[in-house]
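TrEMBL has this to say about the protein:
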| type | residues | note |
| --- | --- | --- |
| TRANSMEM | A:20-40 | transmembrane segment |
| TRANSMEM | A:79-99 | transmembrane segment |
| TRANSMEM | A:119-146 | transmembrane segment |
| TRANSMEM | A:167-192 | transmembrane segment |
| TRANSMEM | A:198-221 | transmembrane segment |
Amino acid sequence: MFTFGMLDGVLFHLGPIPVDHIVVTQWAIIALIGIVAFMATRNMQMVPRGLQNAFEALIVWTYDFFTQLMDKEHIAKKYAPLLSTFFLFIIVSNYSGLIPGAGQIPGYQPPTANWNTTLALALITAFTVQVAGFAEHGLHYLGHFVSPSPLMLPLNLLEEIAHPLSLFLRLFGNIFGEEMILAFMLFLAPFFVPSLLMGLSVLLAAIQAVVFTILSANYIATATGEGH
Amino acid sequence: MGENKKNWPKALANAINLATSVAAVIALGILGGGWLDKRFDTGIVFTAIGTLLGVATAGKIMWERFNEISKTGKKDKK
């Protein structure tokens, strides 16, 4: 049975796999994002209004942003959906810990405060970076591991491993640490101090989502760039 | 206006990437070396090698970024 990093509060089992609050919260977040996306696109008009208008503006801005960041428009268009999904999922996950009453649910944590979630996100990025590199440069992509000299192989490998590791640990550390401090402050001084910290958490949660997305885009841009 | 000033998303990404990569490679070198030392009971041999590798990789990353910024600066001047 897999119990790696699981919380105490296992809700039910899917075959041999225990399902806890974290997994259920992730399903709820995926459903929420799916429902909002469905509502925005279910009745598309040539002249957009309401939610469709907001989404179109957001998507145009997102494409422009990633095109500037990644230099190549075709690469930006190809990976913007994945990167935007990262951003949406992480920011909604981070904010889910701030929903009033969430702290009353026994064993509840935002999914990004659990290392399983952030490790999975970082591994998706690491896999995508390698796929993007091979898709853009073919087998020549392997050359960057021994560039500028074969002696640099250990250094290049260390750099490649450090990228997903830093993504995984930073997001987990920041959100988990923030949750721990909030819980501690709630215990010590139940109203005023936690309110201030929650205000700070709103900013921190958004910054972490932006940093994860920007870094993922930067790694893909580097793998698909001219230098390789 | 310089390319870096116009392209703020790229400048921001490069800055965050540099800061996190430098810290991550040094940490990975030290912790990875420490783990190998414990596993093979080799004193501080792998910790030393890991630290050196981490610092060397951090230097390489900074050197690459510096070259990239210099190239962009030269292009802007032209």
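Glycine is treated like the rest: Cβ placed from N, Cα and C.
Please treat TrEMBL annotations as automatic predictions, because they have not gone through curation.
Outside the transmembrane segment (A:79-99) by six or more residues, the chain places 25-26, 29-30, 32-33, 59, 62-63, 66, 70, 109-113, 117, 121, 124-125, 128, 132, 171, 175, 178-179, 182, 198, 201-202, 204-206, 208-210, 212-213, 216-217, 220 with a CB less than 8 A from a CB of the stretch. Cβ atoms under 8 Å from those of the transmembrane segment (A:198-221) belong to residues 66, 69-72, 75, 79, 83-84, 86-87, 90-91, 94-95, 97-98, 112, 121, 125, 128-129, 132, 163, 166-167, 170-171, 174-175, 178, 182 of the same chain, restricted to positions at least 6 beyond its ends. If you look at the transmembrane segment (A:167-192), the same-chain residues 6 or more away from its ends with a CB under 8 A from one of its CBs are 90, 94, 97, 103, 109-110, 112-115, 117-119, 121-123, 125, 198, 201, 204-205, 208, 211-212, 215-216.
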